[in-house]
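Colleague: Straight from TrEMBL, here's the annotation block:
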type: REGION; residues: 76-116; note: region 'Disordered'
type: COMPBIAS; residues: 87-101; note: compositional bias 'Low complexity'
type: COMPBIAS; residues: 105-115; note: compositional bias 'Polar residues'
type: DOMAIN; residues: 124-377; note: domain 'Protein kinase'
type: BINDING; residues: K134, K153, E202, F203, A204, E251, N252, D265; note: ATP binding site
type: ACT_SITE; residues: D247; note: active site, proton acceptor
type: CROSSLNK; residues: K249; note: SUMO2 cross-link
Amino acid sequence: MGTQTLEASFERITVNDDYDDLYNPSAYHKSKGSLSTAMTLTGLATSTSAGNRMKLPLQKLQSTTTTTSTITKVHLPSQVAQHNRDQSSSAASRPSDDPSALTHVRSSIPQQPSSPKLFHLGMFEIGKPLGKGKFGRVYLAKHRSSGFICALKVLHKSELQMGKVEKQVRREIEIQSNLAHPNILRLYGHFHDAKRIFLILEFAGKGELYKHLRKEVRFPEWKAAQYIAQMAAALKYLHKKHVMHRDIKPENILVGIHGEIKISDFGWSVHAPNNRRKTMCGTLDYLPPEMIKPTGNDSFYSEKVDLWSLGVLTYEFLCGEAPFEDEPLKTQKRIVRCEMTVPGYVSAEAKDLIKKLLVVDPEKRISLEDVERHPWIIKHCVKGERATNRSAELAKMMRKSGDK
Ligand code: AMP
């Protein structure tokens, strides 16, 4: 898009700080095709595959950079991350502890000589609401100049302050924007106005994994194995970057348009290059023994906490509920003793993997490399196969058998 068109379209847009609900079609009369926004976006979202990384906006955005002059000077988040790493190799992705940095979340992004405005609300056409979290709403959105479909998460600064989660959000932004893996939800960029923070996220077309699990009650073994293989790949990537997620559970996993899973919600994650942490966090059902009952040297824990959670997740995928689910005190007791039984309908191979992940001593838990090589995973995962492929195959088989 040429400079003229871009500037003209920006002139027509005013960014109103006081929109309580962004999805208010009448509020968007200033932009083209406002009333049909949601439908158009939904259609586009399906055709613009979330998994097709070549279609990412950011490449297109980069070319915009070279053709526009004054209004936008857009930078690739990945370039920014790269620049960060180059500028201060260790400090860039490490969460800082200064809560005042919230209103300047972009302070982690290197200062450009001309101080360019990276993103602002007017650059996006807002579509249907995708969901509501504890601290904000998420909308389907289209980056106007590139047509790229994304999810825009809107967080109100006052709510973050009241909930005392500024640090958590800052950490989420800093960590997630430095990650790029097919099974981890991308955070392409962020911007803020006086009252809100906006996160530009990859759109996960099939929504929450938690909802799929509740609907299906339990996943069949092939599907659970494929999901766990994807989780292991994502965790391997995270741990290589010295990031522990610390809150792995179905509620924090989204599903892409091709049925691939995407770890999201890095609110509890931490960049810990020294591999040792002390803070208690996460969700009780998924907490490992070393975080529940810290004593002496054990009061430190490592990225192996995520292996325990992967065991809990495997169990929950196959059985429909977490293995230690009980009243909170009983759950804690059961976790530290690893008191759980795997139901008889679970295959011997799956049971073996669960037992190798749910090991009280973190050092004795199976490694992620060995998870990927585990017979249960090998049995159900043809290299590169995704859960939907299998669903499509099954549907085809069912259609065929129905024809007979
Ligand atoms: P959150 O505040 O991150 O918990 O998001 C609230 C809800 O919005 C989630 O439970 C999802 O249903 C939906 N959602 C969040 N992010 C995305 C995304 N990137 N793609 C699709 N839906 C999303």
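Cβ coordinates come from backbone N, Cα and C, glycine included.
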Colleague: Take the C-alpha atoms of F203 (ATP binding site) and K249 (SUMO2 cross-link) and report the distance between them in angstrom, rounded.
Modeller: 19
Colleague: Please check each of the recorded positions F203, A204, D247, K249, E251, N252 and report the ones with a CB atom less than 6 Å from an atom of ligand 1, ordered along the sequence.
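Modeller: Passing the 6 Å Cβ check against ligand 1: F203, A204.
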Colleague: Out of F203, D247, E251, which of the recorded positions is least crowded by other Cβ atoms within 10 Å?
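Modeller: Among the recorded positions F203, D247, E251, the sparsest Cβ neighbourhood within 10 Å belongs to E251.
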Colleague: What is the interatomic distance between the Cα atoms of K249 (SUMO2 cross-link) and D265 (ATP binding site), given in whole Å?
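Modeller: If we compare the Cα positions of K249 (SUMO2 cross-link) and D265 (ATP binding site), the gap is 10 Å.
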Colleague: Using DSSP and collapsing to three states, where does K153 (ATP binding site) fall: helix, strand or coil?
Modeller: strand
Colleague: Per the record, ATP is bound by K134, K153, E202, F203, A204, E251, N252, D265: how many Å separate the farthest pair of Cα atoms?
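Modeller: Max span of the ATP binding residues, Cα based, is 19 Å.
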Colleague: Any idea which of the binding-site residues E202, D265 has the thinnest Cβ neighbourhood at 10 Å?
Modeller: D265
Colleague: Run through the Cβ atoms and count how many others sit within 10 Å of the one on K249 (SUMO2 cross-link).
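Modeller: Looking across every protein chain shown, the total is 19.
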Colleague: Out of K134, K153, E202, A204, D265, give those binding-site residues positioned within 10 angstroms of the residue listed as 'active site, proton acceptor', comparing C-alpha atoms, in sequence order.
Modeller: D265
Colleague: Using a 10 Å cut-off on CB atoms, tell me which of the binding-site residues K134, K153, A204, N252 is the least crowded.
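Modeller: Among the binding-site residues K134, K153, A204, N252, the lowest count of other Cβ atoms within 10 Å belongs to K134.
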